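Student: Pulled these from TrEMBL:
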type	residues	note
BINDING	Arg53, Gly54, Ala55, Arg90, Gln203, Asn253, Lys254	substrate binding site
SITE	Cys164	site 'Transition state stabilizer'
ACT_SITE	Asp243	active site, proton donor
Amino acid sequence: MKVNGEHYRSIWRDGATGEVRIIDQRWLPHQFKMVTIRTLEEFEVAIRDMWVRGAPLIGATAGFGIAEQMERDPSNAGFQTAYEVLNATRPTAINLRWALDRCRDALMPLSEGERAEAAWALAQEISDEDVGINKSIGQHGLKLIQDIAATKPAGEPVRVLTHCNAGWIATVDWGTATSPMYHAHDAGLPVHIWVDETRPRNQGALTSWELGEHGVPHTYIVDNAGGHLMQHGQVDLVITGTDRTTAQGDVCNKIGTYLKALAARDNGVPFYVALPSPTIDWTVRDGVAEIPIEERPAQETTHVLGRDAAGAVSTVQVSPDGSPGGNPAFDVTPNRLVTGLITERGVCAASAEGLAGLFPEKAG
Ligand code: MRU
């Protein structure tokens, strides 16, 4: 998508230097910076400390990290080290392991001399595929928005609530939850997006920044506003992303998603999840019991990043000295609360049958 009128992906290989460049998300929405990441250690830090974030982008970054490592040490041991280091960075988003497994299956049968070139090609393939998947999700999600628009007086916006940032910078491009919004906006369909701030890291500010850059009308709201807005008929549809969805359609996403789903159910608001297939973990069924939930540093809850009136970006403490912070980063929304899953192959029920219908070769 565009920033200041120029098209970017969130990660790319520089054509001139061959180095991997990323949008450094630590500074958004206040400062737009790009950075080069070179070594395995830098890839590890970039994922763990959320210079890059969002399940699909974490997977794509891991692909490029493997390629960098194969340049330096294409041995089996070199690959295994990179696999383990990268896989340990963030435990919940399944796209990370999905990408690493894909690299392992493609590279291990090759000779050491063949691995670097193949790894670069594969990293690019994973990135390009992600863009295509998200574009398709947008086209299928657009249909849902069109259906709701058809029930409203002409010109009245479809009001969509979203949580966290499942936007283009959480993927390689388009985003998952935001892709239907961008498609609707670009098709001339009026939409208005309620963007949850998403404490503790305020990824909603990233979503608001993205939407603003693309000219999509939106309002940044506190996390607790959603239920109230739904009670008052202000939300037509919820669309969130996901970090891991189980084979029976339980959805793990940013902490607070579950509460939005409960409020949506209580108020008869459809709750959809944008789900790229690499985010499906076919090895687990019960999300609450089986998905590991990342516990992030307490400092993310006790401190916030912001910009002061003079324009300086800094971190300030919001809690009293000595109060411990707790920071589970994700929660699980059981499939019974999910109206449907918007995948690259179409929309399905959040159930084993629904997913198997669209992905029979995986569900088997
Ligand atoms: O901790 P984050 O910012 O990486 O969490 C991101 C989310 O929870 C997103 O909703 C999810 O990864 C889907 S991104 C298309």
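Cβ coordinates come from backbone N, Cα and C, glycine included.
Just tell me what is around each of these and how deep it sits.
Tutor: Less than 8 angstroms from the CB of Asn253 (substrate binding site) sit His163, Cys164, Ala166, Thr240, Gly241, Thr242, Asp243, Val273, Phe330, Asp331, Thr333, each of them six or more residues away in the same chain.
The local packing around Cys164 (site 'Transition state stabilizer'), expressed as other Cβ atoms within 10 Å of its Cβ over all shown chains, amounts to 29.
Other Cβ atoms within 10 Å of the Cβ of Asp243 (active site, proton donor) number 30 in total over all chains. Reduced to three states, the DSSP call for Asp243 (active site, proton donor) is coil.
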Student: Of these binding-site residues, Arg53, Arg90, Lys254, which scores lowest on Cβ atoms within 10 Å?
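Tutor: It is Arg90 that, of the binding-site residues Arg53, Arg90, Lys254, has the fewest other Cβ atoms within 10 Å.
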Student: In the same chain, which residues outside the set Arg53, Gly54, Ala55, Arg90, Gln203, Asn253, Lys254 have their CB within 8 A of the centroid of the CB atoms that define the substrate site?
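Tutor: In sequence order, the nearby non-listed residues are Ile58, Ala93, Cys164, Asn165, Ala166, Ala170, Gly241, Asp243, Ala329, Phe330.
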Student: Within 10 Å of its Cβ, which one of these binding-site residues (Gly54, Gln203) has the largest number of other Cβ atoms?
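Tutor: By the 10 Å Cβ neighbour count, Gly54 comes out on top.
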Student: Helix, strand or coil: which one is Ala55 (substrate binding site) in, per DSSP?
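Tutor: Where Ala55 (substrate binding site) sits, the three-state DSSP reduction gives helix.
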Student: Please classify the secondary structure at Gln203 (substrate binding site) using three-state DSSP.
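Tutor: For Gln203 (substrate binding site) - judged by DSSP and reduced to three states - the answer is helix.
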